[in-house]
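A.B. asks: What follows is a structure written as structure tokens; I'll ask about it next.
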Amino acid sequence: MMGFVARVKGCGGPNVYTEEPDGGWGWVVAVAFFFVEVFTYGIIKSFGIFFEDLMTQLNESNSRVSWTLSICVFVMTFTAPLSTILSNRFGHRPVVMLGGVLISLGTILSAFANSIVQMYLTLGIISGLGYCLSFLPTVTILSQYFKKRRSLVTAVASTGECFSVFAFAPASTALKNQVGWRHTMVVIGVLQFTITVCGALLQPIVIEAEKKPHRSEKKLKKTEQAETRYILENEQTRTSIDSVDSGVQSLSTSQTNISETCKNSEQEVAKEEEAGILPPVSLNTETSNTLFRNKLLDFSLLKDCSFICYTLFGLFATMGFFAPQLFVIPLSISLGIEKEQAAYMLSAMAVAEIFGRITVGWVLNKEPIPKILIELICVSLLCIVLIVFPFATDFWGLMTCCVLYGFFLGTVAATHIPMLAEDDVVGIQRMPSAVGVYVFIQSFAGLAGPPLGGFLVDVTKSYGSAFYSCAAGMGLGALFLALVRPAKTGLCKRKRRKPKTEKDLKCKKPQKISEETKAEEESEEFLEVDLIKEEISSKNEHQNDIV
């Protein structure tokens, strides 16, 4: 019985690697992330199918119904630091399972809502918190399992939300027409409970760096090399001078040289230790790793200029992530397109987004140019598509815009969070804290985006204004994204050179003098050795004459 319990604990324990495995249990985590995407972002993007029903049943305006999605996205992103802290404290697995329970509970309770305020509470706050606790830990642990294939695996696994929109939009519409929107919400809530199973599959991973040689080992190795070298020199001296005295003399000289070499080796090790090449004697590597792991949230990221620029990119670009899915169906209906055909707009957008995610993953894996520049190109093209959207006047024109928007949205959505793990932004070691802070700052745009679009639609009586607001936000995001790489390399900073003072010039002269004195001392030592050899040879000749 005890063996079985130990075996179960071993299966639930962390996987320990010296570097990212690029596979192994990571493939199971990738599948779990796929289904988490299906029941989180996929459901959020499909919310547009309930838009008209909520306006009719609850007798509310565009902007007030839009606040349901806005509050959900805001809570999901605003509580990102909480998700990071809980994951670092308790692990990714229990946090994701708790998130799955909250998502399912919030969606089921929304089916019994009789006012828009109750929808704000159920779908907005309860489900929004669950979305945060489910999505962020899953994408973080998936990035830790992969390194070379990280971009491709993350992009392919993130297509779950696209398949969800492609499958759930028509299926939920058909089910809603048969049983009503309330029973449809109950069915979706029950399916979202699958996230708890996905959370149970998230086995922790620990990356431990290989241990560097200790200071004592390094010093011992250098001492042994010095002894071997001088023993060989001593043997050569004995061979060249056939005298017992000469052998003793060379042995004492070699012992002196050995002690001097040991001192020099100690000095070299100390220099390497100060430079950071070797770890100090009192430093425990495991202790330092534990301290780093126990740091729940690293706010020092806010001092990193490249991270600040990337966060501002996410802040403004988020305005273009959710609003188009919310307004594309009402825009289609306003152009005279039937509701059944309008539902296929989201499906076409989802299919195109799948190809966009896979394509950008493949391109990033090849890395023809820096990854962040590839993302910048995709964001710029997405901004152009948002500007063109309102110019569509018929079904095929709007369908073309949806396909282009879905493709480029897939390229941006698949890269903007995993890009934090790249060295151009913060790197994999600081990614857990970076994700929390980054998504937290995104929350303000997620809160303002849909209501701003709904307000503009109510004022201008045109759905095109909502797309223009999204394009403006995406354009500002592209501007800050272009500054990330220069900020990382230091091109945005002015380096001030300190003028050389007289003290600096005076400090250099003693160094030159000391080098000259060292050279003179070495030459004097060589002269002394030669004189000793001459004295020994003269003594030997004198003894031979006496004999």
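Our numbering is plain: 1 for the first residue shown, then up by one each step along the chain.
Glycine is no exception: its Cβ is also placed from the backbone N, Cα and C atoms.
Here's the feature list from TrEMBL:
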type: TRANSMEM; residues: 25-44; note: transmembrane segment
type: DOMAIN; residues: 26-489; note: domain 'Major facilitator superfamily (MFS) profile'
type: TRANSMEM; residues: 64-83; note: transmembrane segment
type: TRANSMEM; residues: 95-113; note: transmembrane segment
type: TRANSMEM; residues: 119-139; note: transmembrane segment
type: TRANSMEM; residues: 151-171; note: transmembrane segment
type: TRANSMEM; residues: 183-207; note: transmembrane segment
type: TRANSMEM; residues: 307-329; note: transmembrane segment
type: TRANSMEM; residues: 341-360; note: transmembrane segment
type: TRANSMEM; residues: 372-389; note: transmembrane segment
type: TRANSMEM; residues: 395-414; note: transmembrane segment
type: TRANSMEM; residues: 435-457; note: transmembrane segment
type: TRANSMEM; residues: 463-484; note: transmembrane segment
type: REGION; residues: 495-523; note: region 'Disordered'
type: COMPBIAS; residues: 501-517; note: compositional bias 'Basic and acidic residues'
A.B. asks: Excluding the flanking five residues on each side, which residues at least 6 beyond the ends of the transmembrane segment (395-414) place their CB within less than 8 Å of a CB in that stretch?
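C.D. replies: Cβ under 8 Å, 6 or more out: 154-155, 158-159, 162, 317, 321, 324, 328, 331-332, 335, 337, 341, 345-346, 348-357, 359-361, 375, 378-379, 381-382, 385-386, 388-389.
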A.B. asks: Count the CB pairs under 8 A between the transmembrane segment (64-83) and each of 119-139, 183-207, 341-360, 435-457, 463-484, then give me the winner.
C.D. replies: 435-457
A.B. asks: State the residues, same chain only, that lie 6 or more residues beyond the ends of the transmembrane segment (183-207) and have a CB under 8 A from a CB inside it; answer 'none' if no residue qualifies.
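C.D. replies: The answer is 12-20, 25, 28-29, 31-33, 35-36, 39-40, 43, 50, 91-97, 99-101, 103-108, 110-111, 130, 134, 137-138, 141, 144-145, 168, 172, 175-176.
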A.B. asks: Quick one: find which recorded stretch in 119-139, 151-171, 307-329, 435-457 has the most Cβ pairs under 8 Å with the transmembrane segment (25-44).
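C.D. replies: Result: 151-171.
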A.B. asks: Is the transmembrane segment (307-329) in contact with the transmembrane segment (119-139), using at least 3 Cβ pairs under 8 Å (sequence separation of 6 or more) as the test?
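C.D. replies: Answer no, regions not in contact.
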A.B. asks: In the same chain, who gets a Cβ under 8 Å from the transmembrane segment (307-329) while lying at least 6 residues past its ends?
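C.D. replies: For the transmembrane segment (307-329), the nonlocal Cβ contacts are 44-45, 47-49, 51-52, 66, 69, 73, 77, 165, 301, 339, 342-343, 345-346, 349, 379, 382-383, 386, 389, 398, 402, 405, 409, 412-413, 416, 419-420, 425-426, 434, 437-439, 441-442, 444-446, 448-450, 452-453, 457, 463, 466-467, 469-478, 480-481, 483-484, 487.
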